[in-house]
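Following: one structure in structure tokens, then a few remarks.
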Amino acid sequence: METKPFMSLESTILPMGWFLKPQCSLAPPPQRGRSGEACSCFTGMCHLHHPRISTGNTQRHLHIPSPSSPSWQTPHLGRHLYQINSSGQVTSSPLSSPTSHRGMHPSLLNPSSMGPSGSLHSPISTLSSPMNGLGSPFSVINSPMGPHSMSSPGMGYGPSVSPQMSQFLCLKNIRTFLKVCHDKFGLRNSELFDPFDLFDVRDFGKVISALSRISHHSIVQIKGVRPFPSEDTALNEDDVYRSLEELADEHDVGEDDIYDCVPCEDDGDDIYEDIIKVEVRQPMKMGMTEDDKRNCCLVEIQETEAKYYKTLEDIEKNYMIPLKQVLSPQDMGAIFVNLEDVIKVHFALLRAIDLNMVSGGNGLGKIFIDFKERLLIYGQYCSHMETAQKTLDELITTREDVKMKVEECTMKVQEGKFKLQDLLVVPMQRVLKYHLLLKELVSHSTDRPDRQQLKEALEAMQDLAMYINEVKRDNETLKKISEFQNSIENLQVKLEEYGRPKIDGELKVSSIVNRTKQDRYIFLFDKVVIVCKRKGYCYELKEIIELQSYKMSDDPMNNRDVKKWSYGFYLIHLQGKQGFQFFCKTEDTKRKWMEQFEMAMSNIKPEKATANQHIFQMHTFEKNTNCRACKMLLRGIFYQGYYCSRCGTGAHKECLECITICKINPLDADLGLPSSGPKMVAVRNYHGTPVPPGKTPLSFQTGDFIELLKGEPDTTWWEGKLIQTQKSGFFPNNCVKPCLDPKPLFQSFPSRQPSRETDYYGYPWFAGNMERTQADNLLKSHSSGTYLIRERTAEAERFAISIKFNEEVKHIKVIEKDSWIHITEAKKFESLLELVEYYQSHSLKESFKLLDTTLRYPYKSKERGPASRASTRSPVFTPRVVSTAVARYNFAARDMRELSLREGDIVKIYSKIGGDQGWWKGEANDRIGWFPSTYVDEEGVQ
């Protein structure tokens, strides 16, 4: 779907009638499948509940404590969603119970549609929902795909961009809503609110006032809706409204687990069942033998495939061929994508199934295994399906000849029972049925000789389904990245080269040298931090921080400070160069940002990156590639997995340690580089500015190593390859110098000389020049674990650690020798910063047996432990355990809402909703998250 600053809206949904109550209890939000009435109050900021949001196939709800004003306690406002189409027409639908709607069939969702948060938020829907996500007390925009649209939710901000983790998307969505209020309802700018009035909840009374004006509008009144309030009310007189901004700071509205949802009525699955239905289908009855049940499964696979192929033929014969008369090749490609190729694949697949059934259905599993590769084309189709529907709707709306031709074609397919928009969804639904059909077949093939082959076919189709979903989500992610790219001025590099976006928002930033806090807008990607200055609705690039060269460290010193923007953490340069400190508004926000930084660094520097002599790096594979260890697909379209720069092996993150030993000797392979050009070392940072004329820039930082591919002494621009990432491009020749010592090339990072020029005064533990007795007097009144690093005067060893332990102050010399720094020969570091960071989490007893303490409290900080991380459990309720399972394989989480597993882990399963799409929710190792259901064996289940 093409996204623009303000999208043309197919339909808009406004929750006009709210059933207001004096106070919302902090009860858990209604769960999917739970019957009964749900509280639907709407006024303040409860953060544990949500407004009812229509996003494609789901509804969500937000509950907020209502003000005490009696005029707001009336239950007579009704409960309706009002749908306003682009022509200003309004239709309404009642909101009874959130669970009163018929549940959506799981097969409507693509494999990872049940995200790690458990919510169903389509990247299309969330982008289209101006207030869905962080800081959003209600939502208003429905997916522009029509009533039969597919919900294709992402799994959160890591693999798919979610407004809950993106201030950029939240504000864009709010601005879209405001544009609708202005253009469709005629509200003047003075009657609307500023986007930050809602995002920061700083003037919520003005938000309610705008909604009240809409409730009085003739478009709404013509439906007989009672406007609100019924009498003049001073919206900001109540303390609840005045304190909402403080409440929002105290309770992080961006927590993902609270974005629960309930299924919304959808007849898309009815369409599929009607089209692919089998004329004679015997239900499995009591007394049937396993062979009888198996035969039923085989017949269903064959007959539904035949029916599906006939549907594809109908689309080709009755739509594709006739529409070529009125549509351009570009429009045909946009609507039907690669459907011609899909039809050819299924012609061959149906023929293979028919031939196999003649011999009794033995060997059916091999057919699906063999066709897995050919079915990968569904990734392209499913990724563009929503755009196809939107393009078709736009053409029908704007061109009368297309409208008439489509209506003519529709009457030729089952007498006009289904529209083309409906039929375009069927291929996606079908390809996601195969693993369900095979799963049923496997369950009734217990004693069959081909059972193992069928299980392999089942895993192949599950892998296919997950691959399709990842391709779809990656396409959606790239669209969001493009939006980021277009909003940042002076950005000369392609953001997609930096991996997937993790989180973005406003923070305060200071360098370690310059302690001045500056307001900055941060975009965090897997590889870099993009530091910008906000300029209206755009951003000015200030800095690109490459995470490969940094470590993160907590700063607990101000965590008890009641002031805003006092919750900080550091990025510390591994070579002791300039670092950065980031300040967050609340402790919850800090926790969230630190978690995303940790995940980003884990992605680019995985723990097992050098296992078995490999050098694995996050990599974009141009062709479909299978993991060398597990043989499953590396899923998606960019940065799908990890690539060994020595031997060319590809692997999942969780499979890195399982790959056999690297076949190429690093001393002979020169890091796997095929060429042997001169090696250069960067002497200054270069991030693409100035831009090489007509060429792609190669970004790097001081100290990076580059292989020179082409360059003459008298030319300004040289071409080279960055050894660390294998990326090529052009750069100014004055940014590098010849590398005379090749040995650092074989290390993960070049050897670093401890710099005597490094400025440590910005760190809360650095005391500067201080005598031993001064340190004793300073620390003796502090708690045990308080420490400082001081410079020793006129001593051979420059630094010393002074730490209060029990009732004494201990002093430890810091040794600098042979480019290393340490307090004991057994553990050496490359910088003082690394040493301090290590002993902040490791006891000093490793070096001194009687000193069993970590470096707990920097002497400049308030005496408290490091900021405790918020539990991943909900503070409101404990999930019910539905069963337990044992992990079959390792799984490495790519996002904070996924759950990492190690083979043999015991997993408590909390939810199987979405299990048919490959994901369950559970707990292992004191963390809760989503994991692939095929990676575990459920206990007690054969």
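Placed from the backbone N, Cα and C atoms, the Cβ positions cover glycine too.
These features come from TrEMBL:
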type	residues	note
COMPBIAS	87-100	compositional bias 'Polar residues'
COMPBIAS	109-126	compositional bias 'Polar residues'
DOMAIN	293-471	domain 'DH'
DOMAIN	500-602	domain 'PH'
DOMAIN	613-662	domain 'Phorbol-ester/DAG-type'
DOMAIN	675-741	domain 'SH3'
DOMAIN	765-859	domain 'SH2'
DOMAIN	880-941	domain 'SH3'
REGION	57-76	region 'Disordered'
REGION	87-126	region 'Disordered'
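Of the two recorded stretches, the domain 'SH3' (880-941) does not lie close to the domain 'SH3' (675-741), with fewer than three CB pairs under 8 Å once pairs fewer than 6 apart in sequence are set aside. Within the same chain, the domain 'SH3' (675-741) packs against the domain 'PH' (500-602): three or more Cβ pairs sit under 8 Å, each pair at least 6 residues apart.
As a quick check, the domain 'SH2' (765-859) and the domain 'PH' (500-602) clear the bar of 3 or more Cβ pairs under 8 A, pairs 6 or more apart, so the two touch. The domain 'SH2' (765-859) scores a mean pLDDT of 86 in the predicted structure.
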